[in-house]
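Q: Pasting a structure below so you can have a look.
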Amino acid sequence: MRSLSIFGATGSIGESTFDLVMRKGGPEAFRTVALTGGRNIRRLAEMARALKAELAVTAHEDCLPALREALAGTGTEVAGGAQAIAEAADRPADWTMSAIVGAAGLVPGMRALKHGRTLALANKESLVTAGQLLMRTAQENGATILPVDSEHSAVFQALAGEDTACVERVIITASGGPFRDWSLERIRACTVAEAQAHPNWSMGQRISIDSASMFNKALELIETREFFGFEPDRIEAVVHPQSIVHAMVGFCDGGLMAHLGPADMRHAIGFALNWPGRGEVPVARIDLAQIASLTFQKPDEERFPALRLARDVMAARGLSGAAFNAAKEIALDHFIAGRIGFLDMAAVVEETLAGVSTDPLFGKVPDALEEVLAMDHLARRAAEEAAGLRQQKR
């Protein structure tokens, strides 16, 4: 029986993964080694019961008594805290879903790779902050990383059986978010509620706002660089409002391979779960006649400066991605709290990158996770200062 673990089980990606696992037979088809979640103890316990999980972990130690009570008598072991999540990744599992949002997902993902696992990677911050270290760890331990972002899953599939030396360009698509047709002035004055209202995808608050600012796409550009190893000038993003084409790969013979799929994360998750084969996934089928037209346009980097900043990071490499991600997370915290404006987020990130770029770690290829965490900490402090100054100017 195949074994699996789901890190970030109660988030949107985790819920979709759980849904697919249950549809494929649940505990009759899979041995669930570990499930982790945050404060939604009730849902974590429901999942653990349904899958007969061996271990359930909450990221918050103060929630551990509630989790212990919810799973009393089930035989499921419980634990709490960041260290417990890291240790859960040391438990052998054939397939591990890494869906913890933010830099917190880096440690368990790295631990899973060190044990030679197949890692379904939905945590984009891992590649952004420590891409070179992550890919090297996978190679050294015979582990496999499967991208779960819809765009990178699309590129992965388009490249199957191809000679990457013949690839001229990789194009990932962006819906453009709720602000794709807004003026710069209107975007500057937007509210949190407006920013989190995504037109195509059903996602959590933070990733929806990242989509509105196109920081999500900026992270994905960096991911593409780190995962597939293509040079920055061969990677681009286009706005595609219909969210049907997820990525395209252009080849040296002039051919352009496009991957089309529904705007449903279960499509990419299902591919990773069924890999190296394919299996049925319960998503809507595309009716091209009904869609009638697909449109594409260049993104406006004045309204969405995150894309420009991503190109700087792709060129610098080293630990610049860790600084970029840390600053983005801090800036997003301040925007959600109402302390800075929407466009201030990019300004905070740009000022943070400038401030930490003189540190020796900034351009260094990391040798260990500790260096990644050190840059993350340094950039978070710098971003807090930059956000504080922005708040004072409002």
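Heads up, the Cβ atoms here are built off N, Cα and C, so glycines get one too.
So Swiss-Prot lists these for the protein:
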| type | residues | note |
| --- | --- | --- |
| BINDING | Thr10, Gly11, Ser12, Ile13, Gly38, Arg39, Asn40, Asn123, Glu125, Gly204 | NADPH binding site |
| BINDING | Lys124, Ser150, Glu151, Ser175, His198, Ser211, Asn216, Lys217, Glu220 | 1-deoxy-D-xylulose 5-phosphate binding site |
| BINDING | Asp149, Glu151, Glu220 | Mn(2+) binding site |
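Could you place the listed features in the three-dimensional structure?
A: Look at Ser12 (NADPH binding site): DSSP puts it in a helix.
DSSP classifies Glu151 (1-deoxy-D-xylulose 5-phosphate binding site) as helix under the three-state reduction.
Within 10 Å of the C-beta atom of Glu151 (1-deoxy-D-xylulose 5-phosphate binding site) sit 26 other C-beta atoms, taking all shown protein chains into account.
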Q: Can you name the binding-site residues among Asp149, Glu151, Glu220 whose CA is within 10 A of the CA of Glu125 (NADPH binding site)?
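A: Those near Glu125 (NADPH binding site) - Cα within 10 Å - are Glu220, in sequence order.
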Q: So around the Mn(2+) site, Asp149, Glu151, Glu220 aside, which residues have their CB within 8 A of the centroid of those CB atoms?
A: Lys124, Pro147, Ser150, His152, Ser153, Ile172, Lys217, Leu219, Glu223, Thr224, His246, Ala247
Q: Same-chain residues six or more away whose CB lies under 8 A from the CB of Asn40 (NADPH binding site)?
A: Thr10
Q: Using only C-alpha positions, which one of Ser12, Gly38, Asp149 is spatially nearest Glu220 (1-deoxy-D-xylulose 5-phosphate binding site)? These are the binding-site residues in the record.
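A: Closest by Cα distance to Glu220 (1-deoxy-D-xylulose 5-phosphate binding site) among the binding-site residues Ser12, Gly38, Asp149: Asp149.
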Q: So for Lys124 (1-deoxy-D-xylulose 5-phosphate binding site), how many other CB atoms are inside 10 Å of its CB?
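A: Result for Lys124 (1-deoxy-D-xylulose 5-phosphate binding site): 27 other Cβ atoms within 10 Å.
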Q: Starting from the Cα of Lys124 (1-deoxy-D-xylulose 5-phosphate binding site), work out which of the binding-site residues (Ser12, Gly38, Asp149) are within 10 Å.
A: Asp149
